[in-house]
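**Q** The following feature annotations were taken from Swiss-Prot:
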- D13: active site, proton acceptor (ACT_SITE)
- H41: active site, proton donor (ACT_SITE)
- 12-18, 40-42, R307, 333-335, 415-417: GTP binding site (BINDING)
- D13, G40: Mg(2+) binding site (BINDING)
- D13, E14, G15, K16, N38, A39, G40, H41, T132, R146, Q226, T241, R305: IMP binding site (BINDING)
- V301, V302, T303, G304, R305, K306, R307: substrate binding site (BINDING)
Amino acid sequence: MTNVVVVGSQWGDEGKGKIVDWLSERADIVVRYQGGHNAGHTLVIDGTSYKLSLLPSGVVRPGKMAVIGNGVVVDPHALIAEIGRLEAQGVTVTPDNLRIADNATLILSLHRELDAMREDAASNSGTKIGTTRRGIGPAYEDKVGRRAIRVMDLADLDSLAGKVDRILTHHNALRRGLGVAEVSHQTIMDELTSIADRVLPFRDTVWLFLDKERRKGSRILFEGAQGSLLDIDHGTYPFVTSSNTVAGQAAAGSGMGPGSLGYILGITKAYTTRVGEGPFPTELKDAIGEFLGEKGHEFGVVTGRKRRCGWFDAALVRQSIATNGITGIALTKLDVLDGLEELKICVGYMLDGEQIDHLPASQGAQARVEPVYITLEGWKESTVGARSWADLPAQAIKYVRQVEELIGAPVALLSTSPERDDTILVTDPFED
């Protein structure tokens with residue numbers, strides 16, 4: 001038995017929700033360890049759809065413990081609203097099935113406002129990142145700047161006032177520079193005191209809780225958000241998120257040591273998508289790109305934004321295999337490729353006349369690379385709902401085997417529809 005870390009191996013939207021839900025049935029505890037409410041997913045359980053963006057997937061399954069780790073930035077209003085939506089669907093959320101790290105950073109209204117103001121200003125100059133405007137980046141900035149308000153601060157109103165003064169010294173200076181009104185001390189104090197009683201019951205010393213559970217032999221599933229190519233260090237900077245999204249963050253963002261992580265499962269879409277700005281070497285701006293987007297329902301859960309679509313990029317996924325230490329992948333949305341006469345896979349790039357096998361870190365170089373493709377025969381038969389290799393067309397199996405060879409990692413799970421049971425299990429990550 002081992003613990004499992006789930007990471008996206010591309011730019012997010014790889015289908016982590018279904019796989020995490022499938023794995024969470026086998027887990028005792030599901031832990032979010034980075035990001036905020038900027039990446040959503042939909043779970044379908046017994047015909048009911050649950051849309052989650054901040055809460056770990058385990059919260060909707062009876063008998064499971066959901067944990068929000070210290071690496072997550074928590075918008076308390078988004079948290080309360082999401083709990084309310086789940087309760088309206090009959091899901092009970094209490095400290096018996098949700099814990100939040102007392103040292104997790106809070107997202108405040110001033111973070112959301114700053115995020116939006118920066119994006120608006122950048123839009124006018126053509127340099128926008130394409131954030132969700134939910135305050136994620138500014139909250140992480142305050143965390144690193146040692147001025148953040150954390151969950152535990154809600155329990156100590158005597159010291160909270162001084163911490164609010166500290167954060168406002170920084171933010172009001174920025175607001176003056178941007179030509180907008182300053183935020184008053186009382187506004188932030190009222191904002192925090194109004195939600196304290198709703199958030200504090202979930203507060204816990206999460207690293208200690210998880211350590212005790214690990215020693216008891218509990219199965220722990222670490223649920224990543226976004227994808228490895230959006231990592232603040234290893235992604236396509238500056239078109240990235242504001243946290244580390246690679247598997248190593250599961251240790252830092254939960255308070256558990258790296259030796260506790262176990263199997264690293266990389267969720268990998270059978271083609272490539274990206275939402276927002278940034279380089280995308282295999283992007284298809286033609287009828288095939290439209291086909292993938294429409295058949296794959298490629299619209300963001302949180303923002304509703306249309307995703308850009310392209311061919312599978314083995315060079316990029318190979319990088320993610322390395323930066324995450326991925327043990328095996330879950331290949332998703334194979335069924336979206338049904339009906340295409342031929343398929344292409346990117347195996348490397350041409351950069352200034354030279355072939356390279358990885359995407360360079362330089363923003364300028366990323367903009368100049370041209371993909372190098374191999375072409376495979378497609379298949380006409382349907383793969384929808386396949387639950388064994390015998391159900392797959394020969395060419396689909398060949399495609400999967402080619403992906404394995406090019407990325408240097410085996411397929412542990414193969415998903416053939418949004419339904420959780422339409423999954424071919426090759427290796428159970430918890431039993432590895």
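Please read every residue number as a count from 1 along the shown chain.
Cβ coordinates come from backbone N, Cα and C, glycine included.
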**Q** Counting Cβ atoms within 10 Å of each candidate's own Cβ, which of the binding-site residues G12, G15, G40, G304 comes out highest?
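**A** Per the Cβ count, the most surrounded site is G12.
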**Q** What subset of the recorded positions D13, K18, G40, T132, Q226, L334 lies within 10 angstroms of R307 (substrate binding site), using C-alpha positions?
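**A** D13, listed in sequence order.
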**Q** I need the least crowded one of these binding-site residues (N38, T42, T132, Q226, T416), counting other C-beta atoms within 10 angstroms of each C-beta.
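**A** Fewest other Cβ atoms within 10 Å, among the binding-site residues N38, T42, T132, Q226, T416, is found for T42.
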**Q** Hey, what's the Cβ neighbour count for R305 (IMP binding site) at 10 Å?
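**A** The answer is 13.
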**Q** Can you see whether DSSP assigns L334 (GTP binding site) to helix, strand or coil?
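**A** In the DSSP reduction, L334 (GTP binding site) maps to helix.
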**Q** Express the distance between the Cα positions of T416 (GTP binding site) and N38 (IMP binding site) as a whole number of Å.
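**A** Cα-Cα distance, T416 (GTP binding site) to N38 (IMP binding site): 26 Å.
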**Q** In Å, rounded, how far does the Cα of G12 (GTP binding site) sit from the Cα of the residue listed as 'active site, proton donor'?
**A** 11
**Q** Need the DSSP three-state call for G15 (GTP binding site) to compare against my parser.
**A** coil
**Q** List the Cα distance (Å, whole number) between K306 (substrate binding site) and the residue listed as 'active site, proton acceptor'.
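**A** Checking the Cα atoms of K306 (substrate binding site) and the residue listed as 'active site, proton acceptor' gives a distance of 12 Å.
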**Q** Using a 10 Å cut-off on CB atoms, tell me which of the recorded positions D13, K18, H41, R307, L334 is the least crowded.
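**A** Checked D13, K18, H41, R307, L334; of these recorded positions, fewest Cβ neighbours within 10 Å: R307.
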**Q** What's the number of neighbouring CB atoms sitting within 10 A of the CB on K306 (substrate binding site)?
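**A** A 10 Å sphere around the Cβ of K306 (substrate binding site) contains 12 other Cβ atoms.
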